[in-house]
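These come from TrEMBL:
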DOMAIN    2-137  domain 'Nitroreductase'
BINDING   Arg10, His14, Trp108, Leu109, Thr110  FMN binding site
Amino acid sequence: MREILEVALRTPDHGKLAPWRFVIVPADKRSALADLLEASYRAEKPDAGRLEIEAMHQFAHQAPTLVVALSAPVEGSKIPLWEQELSAGAAIMNLLHAAHALGFAGGWLTGWPCYNGDVRTAFAGEGERIAGFVFLGTPGKPLEERPRPDYDKIVSIWDR
Ligand SMILES: Cc1cc2nc3c(=O)[nH]c(=O)nc-3n(C[C@H](O)[C@H](O)[C@H](O)COP(=O)(O)O)c2cc1C
């Protein structure tokens, strides 16, 4: 895990602000995370059904390893917030590339837990936001491909 996160720390970062942080959720805390998600979900949606609650538990327990990535912009910096947030996304992508290079698979998820205030305060400090829940593990089966954007629609040559 440290080797993977050390790669994430080498992310392009204008102004050397390190506007991101990572919180590892250890295996013995995953049930506590599930309980937090359930309580936060019920507080926001008192009429939540069984399947919605099960989805919160499934979210918390998927994959053996979980890193919560935080966008932690430095307030008052001359580096625009936009650039600091871009760097947070890049740090997560570096983390995923490092995990895949070492033979693991990883997924970057947000979903409801990312945007709930109670969940955010359980991980993030003032001015910080959850940028993603990064789940890591060893692939149990070959990864499925999905449609990718058409190169010619996305890439163009500047010609003015
Ligand atoms: C900010 C962000 C949030 C995402 N959140 C989710 C999510 O909540 N659920 C989901 O199925 N995929 C989510 N994705 C997409 C997955 O990370 C991933 O791109 C997708 O599963 C396909 O994986 P692949 O591109 O490696 O094949 C998110 C991607 C980003 C960049």
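Cβ coordinates are placed from backbone N, Cα and C, and glycine is handled just like the others.
Curation does not apply to TrEMBL; its annotations are automatic.
Given the structure is predicted, the values throughout are model-derived calculations rather than measurements.
Taking every pair among Arg10, His14, Trp108, Leu109, Thr110, the residues listed as contacting FMN, the largest Cα to Cα separation comes to 25 Å. With a cut-off of under 6 Å between the Cβ and any atom of ligand 1, the binding-site residues Arg10, His14, Trp108, Leu109, Thr110 reduce to Trp108, Leu109, Thr110. The C-beta environment of Arg10 (FMN binding site), restricted to residues of the same chain at least 6 apart in sequence and closer than 8 Å, consists of Asn94.
As a whole-number mean, the pLDDT of the domain 'Nitroreductase' (2-137) in this prediction is 98.
Each of the binding-site residues His14, Thr110 was scored by the number of other CB atoms within 10 Å of its CB, and the largest score is that of His14.
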